[in-house]
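Student: Pulled the feature table from TrEMBL, pasting it below:
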ACT_SITE  HIS542  active site, proton donor
ACT_SITE  HIS585  active site, proton acceptor
BINDING   TRP541, HIS542  FAD binding site
DOMAIN    107-130  domain 'Glucose-methanol-choline oxidoreductase N-terminal'
DOMAIN    309-323  domain 'Glucose-methanol-choline oxidoreductase N-terminal'
SIGNAL    1-16  signal peptide
Amino acid sequence: MFSLLLACVAIPLALAAPTRSSNTTLEDSFDYVIVGGGLTGLTVASRLSENPSIRVLVIEGGQDNHNDPRVYDVRTYGQAFESDLDYNMTSTPISWRNGTQLPMAAGKTLGGSGSINGASWTKGPKTQYDLLPLLIGDESWGWDGLNQYMLGAEHFYAPSNELKSKGADFDGHKHGFSGPVKVSFAQGMFGGINQPALNASEQVWGLEHVDDVASGIVNGATIIPNMVQPDVSQNRSSPYTAYILGEPQSRDNLVILTGHRAVEIRWNNTCTQEEPECVLTADGVYYQASREGERLFVKASREVLLAAGSMQSPQLLELSGVGDPAVLNKAGVSVKKSLMGVGKNLQEQTKNTVTYTPKSDDFEGSGPSSAIAFPNVHQLLGNASSTVHAETLAGLAEYAAQLEAQGLVASANATHRVLQYQVENLFNNSEAAAEIFFTQALATETSAATVGADLWNLIVLARGTIHISSNDSFDLPTIEPSYFGHPLDLKLQTLATKQAQEVYNTAPLAEMVSDVTLPAEVPSDYAGWETFVKDTFTSVWHPIATLSMMKEEFGGVVDNKLKVYGISNVRCVDASVLPVQLSAHLSSSLYGIAEKAAVMIREDQV
């Protein structure tokens, strides 16, 4: 049988049948070459290869690690970061933190970041998805259109009575029940502080309880399900186990090459800057196992599909000569197609943490954590809301001009319009503006039990960039997130952090903790909290928008079919294409994008 997985390492005997060594010669040509074996890449590969006459190759830099507990056990969340399962990229130095560079986690394993993330299953507000048609001119990208694909990816399992007693709730009309991704409330779901935390949140912010944030209504307090098996193992339902393991693994027409990375797209032609109407055509992809490894080529007879994520898909386009000529020339790359939006418009969130000592370390379960509060901007700002709204709107035109001047966006006018959409949605539709994720960590041999909250501003107005730093594909890209680039970002992050402490000071939650452990010294005023936020924040690792799906005149890079502008047969199918942030964890939306992408690609085969 023709191999599915070309692995670089020895594998258990139980998996040996469908594998062979990576030094086996690949066929000269595939219909589709997918760059990146992460969440979206494996989803699209699985769907396209359902047609036995279509041959699909996936090129993935990581290995098959689905038997590694850092992957399959969601409760080990965090152990994969800055390890062999991570590409170990970093931000540019942060001036006010003595040049500190923050980790920018990205999964280096089959399933990508979908194999090492927190496995949370949430969706954003309907109004945020409904921004997409305004930016791309296609109604099918709104909530009603995209949600049907999110539902198609999902296999939801209703909670047991025991889990319902801990607060698990759902609306069966808002879930899918026949998709590959298993979504359930973990059998070991914590009790502990969950209900007291939600109760205190409702008091501090005036939140209402939300039965199910898969409904497109997010502002409120809720307990979420996870992408885990609905049994006692509660193992992760990863992109690999959901879409590849099992029947797809035996398909003769699907090959997954691990331990290699795509280093350049080869073109049949070149478009000069004097030929704006010229269209590039991809011939295939060069790939290597290492910087010193042999440079190999595989032909893509139909399309090259970028699925390497928001930090590496723009990197590959730029290495292939597509992007802002100023960036390409600086890196020593010949310009094949000028496309100003590549690598720009990056939107990344910031996270802070507060922790406490619990009076009891009996959390009534083994995890993972699942209680979340989603306050809106009015609940965070209080009486200052109308003033901040007006001041923010008044300054957007000047701010957008600054972003273009700094090379962070392709168009000031278009960015101004997008920012207006985002701000008006926040203030007029009462969308969730911050996430307060209540955490419970069991005691270990080396650490005591803790409770607390990870929290972040959801809709950032800052814009950053991801660009190549040289013409060497094994050099990491330069990532400039522009943290707190807009004052509203810092204000909302500070208020969310400060007010999370107020939640912990409110009964009944206050009665369950004894003392604060982070911050070590609780700030006495807003200025002190702002300093704490700036000194201790990390990235959330939800980067998006570096190959934005917007009209080209808006600075977009891909069209409504996810095709790169000015290129006949290259699409991007990952988080890069989301043009604006969502008040959600991204996995459900990315599965929806990938499922929709596969349908559009199949439609174009006719």
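The backbone N, Cα and C atoms fix where each Cβ goes, and this holds for glycine too.
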Student: List the helix, strand and coil residue totals of the domain 'Glucose-methanol-choline oxidoreductase N-terminal' (107-130) as derived from DSSP.
Tutor: 8 helix, 4 strand, 12 coil
Student: Given HIS542 (active site, proton donor) and HIS585 (active site, proton acceptor), what distance in Å do their CA atoms have, once rounded to a whole number?
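Tutor: Approximately 8 Å lies between the Cα of HIS542 (active site, proton donor) and that of HIS585 (active site, proton acceptor).
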Student: Across the domain 'Glucose-methanol-choline oxidoreductase N-terminal' (107-130), what is the average pLDDT of the model, as a whole number?
Tutor: 98
Student: I need the CA-to-CA distance for TRP541 (FAD binding site) versus HIS585 (active site, proton acceptor), whole Å please.
Tutor: 10
Student: Give the residue from the active-site residues HIS542, HIS585 that has the most other Cβ atoms within 10 Å of its Cβ, counting over every protein chain displayed.
Tutor: HIS585
Student: If you run the three-state DSSP split on TRP541 (FAD binding site), which class comes out?
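Tutor: Reduced to three states, the DSSP call for TRP541 (FAD binding site) is coil.
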Student: If you run through the domain 'Glucose-methanol-choline oxidoreductase N-terminal' (309-323) with DSSP, how many residues end up as helix, strand and coil?
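Tutor: Going by DSSP assignments, the domain 'Glucose-methanol-choline oxidoreductase N-terminal' (309-323) contains 7 helix, 2 strand, 6 coil.
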